[in-house]
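For reference, Swiss-Prot has these:
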type	residues	note
ACT_SITE	137	active site, proton donor/acceptor
BINDING	111, 112, 113, 114, 115, 116, 135, 136, 137, 156, 170, 180	dCTP binding site
């Protein structure tokens, strides 16, 4: 399994629509204003989060249960900035829509800018032939409110290509998050 370069990422985005919308270079300024970088890097792609968030509040249930998650546990927020309460989390989605090739597994890592502030980004791998907007989870590990900025870089996707194509892809098995759009809550 090998990690893919900026050249490969550009080629796959342009020819195969792997990432839409796509920035072929790193973007560090928008309208002469400094932003947290996003776009193509040497061996990855830095994604942005959209301006729709679901902020977790612990007012409706005593237990968090992935098999019976209560949607009322979230407050919907739309805006350029999302404030996450201390020791809580928020869900968001990428601006970018992904179409992962059959021979590729994509890993997401948080950006150091957020990690250095105690904000952790978590995403499970994007499996072969999965497509959709990526649901992002931001954990605020601090005892202070934390800000997340919409339309700026939040995480980096790394593309790993296998030396052998898988027998069964995410699409083949009818994965439950296939084609997701918007922030998607847990499904069982």
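All residue numbers here begin at 1 and follow the chain in the order shown.
Cβ atoms are placed via backbone N, Cα and C, with glycine included.
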Worksheet entry | Pairwise Cα distance for residue 115 (dCTP binding site)/the residue listed as 'active site, proton donor/acceptor' [Å, integer] | 13
Discussion item. Roughly how many Å lie between the Cα atoms of residue 170 (dCTP binding site) and residue 137 (active site, proton donor/acceptor), rounded to a whole value?
Written reply: 21
Discussion item. Through the lens of DSSP with three states only, how would you label residue 111 (dCTP binding site)?
Written reply: coil
Worksheet item: Given residue 137 (active site, proton donor/acceptor) and residue 111 (dCTP binding site), what distance in Å do their CA atoms have, once rounded to a whole number?
Response: 13
Worksheet item: For the binding-site residues 113, 135, which Cβ has the most other Cβ atoms within 10 Å, all shown protein chains included?
Response: 135
Worksheet entry | Chain-internal residues, separated by at least six, CB under 8 A from residue 111 (dCTP binding site) | 36, 46, 121, 153, 154, 155, 156
